[in-house]
Ligand SMILES: C[C@@](CO)(OP(=O)(O)O)[C@H](O)COP(=O)(O)OP(=O)(O)OC[C@H]1O[C@@H](n2ccc(N)nc2=O)[C@H](O)[C@@H]1O
Ligand SMILES: Nc1ncnc2c1ncn2[C@@H]1O[C@H](COP(=O)(O)OP(=O)(O)O)[C@@H](O)[C@H]1O
């Protein structure tokens, strides 16, 4: 019998920065209650899913050697979760996922979550499941707190453990410089360090997110710069004291303000515009405080099929396997 093999599907998916991250107390399930404002950035990963006789995960690009390719890879966990949801568990064994990474690994920019979100969208397209994004977001939330945001992108308020999202109006394109550190930081370790710091004393907490929402609506980067804040920053700096120097260097290079993104160690610097971001990036590169410097802008959309607006791209002639 002849079986038509669908052509591979490629999805581009953004990194996130947390413009505001307020961390509550640890819950009984080990998670912390969060209030965060995410913004999706033009720094992306590309994920291709294909039917293959060699199933598994392949990783290229940023941090490729530190990404697991076994069942613990978040993209592979997404394959398994979607197969189970669609009641096609046996089909997961015939899927290959190729990750082309631009997002730093364990960098606080949700790269693994982005790959999981992209895999859900790509595979649901490959399998022609015709699932609404909200339905995919339900599966996404079972994979990680940051995965639903990578599906929607834009700018959003996240509550719960970060998975409950409401869009936030952001009229302006904001320009960022990102400083990647030599090594990643483990998200659970950073939350654990914050718990430790809070037991030992009273590290400052960010205020309400409301002024950040107003600054986003105004579109004024100077107003937003004054309000960037992250409760995890003290914990990330405590585990990686060199970040203090990186944060200072970005501001000395001309950024309006800098913040650790999520659990770090990537530092994100808000600039007045595209030109200023290039200048800050050039100066920061020369300061010797980080491994790599990138410029990015946001907000950008969430996971998107490459070559189409959520419709499969014009197909190459289908391959036919006997
Ligand atoms: C901190 C944030 C901020 O956006 O981003 P990253 O720095 O990881 O990118 C996120 O909350 C990370 O989300 P994500 O990376 O999906 O984390 P998960 O896989 O859900 O959780 C990993 C671990 O982090 C801790 N965790 C995560 C989320 C949360 N609200 N409270 C927690 O305490 C828990 O120890 C959990 O076991
Ligand atoms: N597809 C993936 N890409 C990156 N890391 C992954 C992936 N799948 C699993 N991981 C693991 O998840 C950890 C956190 O990675 P990542 O999502 O990049 O960082 P963060 O949670 O700081 O945003 C990594 O150290 C890695 O071991």
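Heads up, the Cβ atoms here are built off N, Cα and C, so glycines get one too.
Not measured: the values here are computed from a predicted model.
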Per TrEMBL record, range annotated region 'Disordered' [choices 277-299, 300-322]: 300-322
Neighbourhood of ligand 1 - binding-site residues from 106, 108, 110 with Cβ under 6 Å: 108, 110
Annotated recorded positions 16, 104, 114, filtered by Cβ under 6 Å to ligand 2: none
Residue 16 (active site) and residue 104 (ATP binding site), distance between Cα atoms, whole Å: 11
Nearest-integer angstrom distance between the alpha carbons (Cα) of residue 16 (active site) and residue 106 (ATP binding site): 13
Distance [Cα-Cα, Å, rounded] between residue 146 (active site) and residue 110 (ATP binding site): 7
Non-site residues, in chain order, whose CB comes within 8 A of the mean position of the CB atoms of 104, 105, 106, 107, 108, 109, 110, 111, 112, 113, 114 at ATP: 15, 103, 184
